[in-house]
Ligand SMILES: [Zn+2]
Ligand SMILES: [Zn+2]
């Protein structure tokens, strides 16, 4: 059994053959967390979860969906929607039993408007993140956190939130969630782990290293080698970030097996051991029966 903790099979990239993609994944025993990036894709994620065994959903607004920008990705190009938070809608969706996470939400320095300063953009993204943070605490579900070229800013924000909670004497426990598609350094990873978070690894970890010496561990391998195994999650971010063996084609959640293979190689474990521990970690984080 495998757990793809972050995919977008509700996207248009699957409009012609979604059923066969789901069938391939189910046949391989892959559980999926279908992650919303705006209101329609959050609703369609919940619809998929409510009509399929082994499919769960997360609901939220991706930081780049808050503004209107043109996005070019390998599997997709689209214009974002300039979407606003809808308290009532998200609280209703978040309480659905098959909704296991809140997000994706976070900070993104990559696809942004050019007519605003980075401070202005991050301030807007932080406000939106706080809506998700409050919702996650209120329904007691973990956050799905997206961070692109903004790890220092995200760590500062999370540390400040933790301090604020302590000052207010609010109980409610440690921050729960995952930094999805983690691509930071070991130093970033340590800070997230200390904050109580999990790290999700995509097919990016299967890409060849640019290091001139093939024996040198790259930055991501260093994190995977060093980090506590009980905080490791695997994910595909389908339709994006297809693992090396099929790179350049549309990703599918069953390819999460490539992430498991790579982590097994780095940690000197068997495929089955890594499949088991990452599935266990995901079920524990998302509050599913183990
Ligand atoms: Zn993301
Ligand atoms: Zn995503």
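Just so you know, glycine gets a Cβ as well, placed from its N, Cα and C.
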Point to revise | Co-listed divalent metal cation 1-binding residue [TrEMBL; alongside 6, 8, 104] among 230, 237 | key: 237
**Study point:** Nearest-integer angstrom distance between the alpha carbons (Cα) of residue 237 (divalent metal cation 1 binding site) and residue 180 (divalent metal cation 2 binding site)
**Key:** 9
**Study point:** Cβ-centroid neighbourhood (8 Å) of the divalent metal cation 1 site, 6, 8, 104, 237 excluded
**Key:** 7, 35, 37, 144, 146, 180, 181, 235, 238, 240
Check your understanding: Could you state the CA-to-CA distance between residue 8 (divalent metal cation 1 binding site) and residue 180 (divalent metal cation 2 binding site) to the nearest Å?
Key -> 13
Exercise for review: List those of the binding-site residues 6, 8, 104, 146 whose Cβ lies under 6 Å from any atom of ligand 1, in sequence order, or write none if there are none.
Suggested key: 104, 146
